[in-house]
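Inspection log for the structure reproduced underneath, given as structure tokens.
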Amino acid sequence: MSSTVTTAHTAGTGSTVITNIAGLVTNSPSFGRGSPRSSKFESGGASPLGLIQDAAVVIDGDRVAWIGESSKAPATDNRVDAGGRAVIPGFVDSHSHLVFAGDRTQEFNARMSGRSYTAGGIRTTVAATRAASDADLEANLTRYLDEALRQGTTTFETKSGYGLTVEDEARALRIASAHTDEVTYLGAHIVPPDYADDPAAYVALVTGEMLDACAPHARWIDVFCEKGAFDGDQARAILTAGRAKGLHPRVHANQLSYGPGVQLAVELDAASADHCTHLTDADVDALASGRTVATLLPGAEFSTRAEWPNARRLLDAGATVALSTDCNPGSSFTSSVPFCIALAVRDMGMTPDEALWSATAGGAAALRREDIGHLTPGAYADLAFLDAPSHVHLAYRPGVPLVSEVWRRGRRVR
């Protein structure tokens, strides 16, 4: 079968062709089984990466117009030589917490030294974030976004959750929404100390006045459904209230223990259940039978020396898996999707193909997007060049800065 894709797009004035690509990862069903549109990686089947050797891609405006073999590339006004490098879709980081101030180095140092630490965890970041100016919060956010972009991330989701007052949660979302459309209201991160004796009153705030202030600035609503945070009934009330305001649900689920989070996520057709470390067979079956994506966050397990989620179990059951950084100052202070890919392959039972698909097409599925996460005609021209001939090097050479060039919306940005 010819690897050239015929499309309704033709190379137009101002279009660009990138040629001499050693291996182009398309995530296209035309080049393997599975696709970002089906949101399924078919475990045990042919790779869905749709890999084209000696490939070319044509970009017209902000979109992919053509993909295929270099020898069959149409003429364009501009030509870029990839120099025998691999090209992949830009990473889709579908879970991060980037609007915050301060850090928690003391907590990390104590944890790595085996000492107990009781200085506040999330509450430490809440205090620092509340005290920070808008300018400081935006400067921090753009710094971490630039870090991520340099490592190949072209789409990201980020959450509030370090304000926990009406004013501070709305402020965080306003700042985030200036940089991404994928903004999540996480007023239900923890119950703040001033509501410790009356968590029901805080749930009422999260589903009432705070929701009213935050909904205009967000696409998603999230809740930390876990012992010590919000139980299943509270999480249901929060997500249902958000959905009534037009926000789509996501759930921090089953990170620290078995619980109702995953089942609730599937029941409410949440786009994603995130963490998914402690799963029953019923949880796995529910994820495999529904649209909810299991978003795995290996940076958290790495940073906390916790039990790894079992990606192999989820994939073999037919669940859709995404990989994301969970970038936050407490439990996963990394903006590097390549690092998370290496961890997933080394410690979570994923193949290099599965891990890359999950960090691109899987992330797109977790955001219910069909215009990103793959390099096929009509998709956004978001892509990363690797200083390597194959995408496998992302897992094969952990810690090496392999991303050498990044394009977003058809323009080189790094």
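Including glycine, each Cβ sits where the backbone N, Cα and C put it.
Matching His95, His179, His189 to the 4-imidazolone-5-propanoate binding residues that Swiss-Prot gives (Arg104, Tyr162, Gln255, Ser331) identifies His189. When the candidates His248, His252, His393 are compared with the Zn(2+) site entry in Swiss-Prot, which names His95, His97, Asp326, the shared residue is His252. Pairwise Cα distances among Arg104, Tyr162, His189, Gln255, Ser331, the recorded 4-imidazolone-5-propanoate-binding residues, top out at 20 Å. In this structure, the C-alpha atom of Asp326 (Zn(2+) binding site) lies 14 angstrom from that of His189 (4-imidazolone-5-propanoate binding site). Straight-line distance linking the Cα atoms of Asn328 (N-formimidoyl-L-glutamate binding site) and His97 (Zn(2+) binding site), rounded to a whole number, equals 5 Å. The Cβ centroid of Tyr162, Asn328, Gly330 marks the N-formimidoyl-L-glutamate site; residues of that chain outside this set whose Cβ lies within 8 Å of it are His97, Phe100, Arg104, Ile122, Thr125, Gly161, Pro329, Ser331, given in sequence order. When the Cα atoms are compared, His252 (Zn(2+) binding site) and Tyr162 (4-imidazolone-5-propanoate binding site) turn out to be 15 Å apart.
All protein chains included, His97 (Zn(2+) binding site) registers 27 other Cβ atoms within 10 Å of its own Cβ. Residue environment of Asn328 (N-formimidoyl-L-glutamate binding site) contains 26 other Cβ atoms, counted within 10 Å of its Cβ in all protein chains.
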